[in-house]
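Asks: I grabbed these lines from TrEMBL:
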- 40-60: region 'Disordered' (REGION)
- 73-375: domain 'DUS-like FMN-binding' (DOMAIN)
- PRO75, MET76, LEU77, GLN128, LYS197, HIS230, ASN270, GLY271, GLY272, GLY292, ARG293: FMN binding site (BINDING)
- ASN155: site 'Interacts with tRNA' (SITE)
- LYS242: site 'Interacts with tRNA' (SITE)
- ARG245: site 'Interacts with tRNA' (SITE)
- ARG360: site 'Interacts with tRNA' (SITE)
- ARG363: site 'Interacts with tRNA' (SITE)
Amino acid sequence: MKSRAARALFRRPALNRVQCASAPCTIFRHHKKWCHHPAKNTKTVHNMPNNTPQKPSENNQVNQFIGTRRLSVAPMLDWTDRHYRYLARQITRHTWLYSEMVNAGAINYGDKDRFLMFNEGEQPVALQLGGSEPTELAQAAKAGAAYGYNEINLNCGCPSPRVQKGAFGACLMNEADLVADCLNAMQDAVQIPVTVKHRIGIDRQTDYQPLADFVGTLRGKTACRTFIVHARNAWLDGLSPKENRDVPPLKYEYVYRLKQEFPDLEIIINGGITTNEQTAAHLQHVDGVMIGREAYHNPMVMREWDRLFYGDDAAPVEYADLVGKLYAYSQAQIQAGRGTTLRHIVRHSLGLMHGLNKARVWRRMLSDANLLKDNDGSLILEAWREVERANSWA
Ligand SMILES: Cc1cc2nc3c(=O)[nH]c(=O)nc-3n(C[C@H](O)[C@H](O)[C@H](O)COP(=O)(O)O)c2cc1C
């Protein structure tokens, strides 16, 4: 067992040392489709992506943010699987993507490929873990790092009864010391950043101070420097997980205040953010913005993010090109086996034509069980032809 001082020495350099997101990594060079073998050389690291917090006020050269979590897509169970992340990555090159929450035990004792596999070109991508047992979490974090994830995130915000039964998720906000033990064990096991996602409070506790104490404790006892804060409480007594994303009031000012009081931390705000204007406004106060439901239901909202928030002048993806990629991806995935069906892929694309004429036809065709049963990606092209004909660029 290392002393705390030795652990701190060991951990600190890891903050800027993350696997390269932009260049093809060693792991990928040998594999055509999947990153499904543990990386041999996870220590081949570059300074990109950079985990160093950026001061919002120093925002005169926006492309300094490439490689940071300035924009991220939230972890969403059943939604942000690798097929959704493939789609998102075709739309935005730089946005940080999060996996669904995966229980540490499922990784340690289950089919690792099933839980950890991701697509080439998907990075920067973070693995979110659920759990509260330091050894289990450390083991799962190590597996995630070996698969090539760029970050391991600990879920301290999920309010579901199932998660509460396992004594993790949002109820961990009442146990800062245990969270510190978990984060330390995880960070000792990997060389990529270990981060935390949490709420602003639990149940009807509405004061700012317990939130500051939680963050302050973790800051003092761990090397964690990235805090993703869903700006509403989790009410553990009676609201469903879905209600818990809408009913408790948003208090963005608490998250801004965290950034003011802990300027050395990377503070990322989350909850109810849907437009680029809102994102830009939040970025005046915090280091990053995480968006969940809007990025899922209206993926093309991400189309402008690279230009607006990362200073990347590359032309945004065209609908027709995106549809072509989605078609090719579907065919490849279905042929590759592993039980992937067309429905697994296109269910994440139903909102892709949001705002266009015939968006409803697109949605209907791609969710029609009869049409999907042939498992033929050409359905995507057929649905697209309907949309293309009905819009002015056709
Ligand atoms: C379907 C769904 C599943 C979610 N699953 C997770 C999860 O696995 N881990 C997590 O930390 N948050 C989860 N969340 C919460 C989101 O990460 C995010 O905090 C929340 O949706 C608020 O952001 P938004 O208003 O931008 O959607 C989930 C949200 C949704 C809608």
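Just so it is clear, glycine is given a Cβ too, placed from its N, Cα and C backbone atoms.
Because TrEMBL annotations are produced automatically, they should be read as predictions rather than curated entries.
It should be emphasised that the depicted structure is a prediction, and the values quoted were computed from it without experimental measurement.
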Asks: To the nearest whole angstrom, state the Cα distance for the pair GLY272 (FMN binding site) and ARG360 (site 'Interacts with tRNA').
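Replies: Their Cα atoms are separated by 24 Å.
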Asks: When the Cα-Cα distance from PRO75 (FMN binding site) is computed for each of the recorded sites ASN155, LYS242, ARG245, ARG363, which gives the smallest value?
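Replies: When the Cα distances are compared, ASN155 comes out closest.
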Asks: Sort out the sequence-distant neighbours of ARG293 (FMN binding site) for me: same chain, 6+ apart, CB within less than 8 Å of its CB, listed by position.
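Replies: Set apart from ARG293 (FMN binding site) by at least 6 residues yet with Cβ under 8 Å, we have MET76, ARG245, THR274.
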Asks: Taking every protein chain shown into account, which of the recorded sites LYS242, ARG245 has the largest tally of Cβ atoms within 10 Å of its Cβ?
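Replies: Ranked by Cβ atoms within 10 Å, first place goes to ARG245.
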Asks: So if I measure Cβ to Cβ from LEU77 (FMN binding site) and keep only same-chain residues at least 6 apart in sequence, which ones fall under 8 Å?
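Replies: Once residues fewer than 6 apart are set aside, LEU77 (FMN binding site) is near GLU100, MET101.
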Asks: Looking at the recorded positions ASN155, LYS197, LYS242, ASN270, whose Cα is closest in space to that of ARG363 (site 'Interacts with tRNA')?
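Replies: Given the candidates ASN155, LYS197, LYS242, ASN270, the nearest one is LYS242.
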Asks: Is LYS242 (site 'Interacts with tRNA') helix, strand or coil when read with DSSP?
Replies: coil
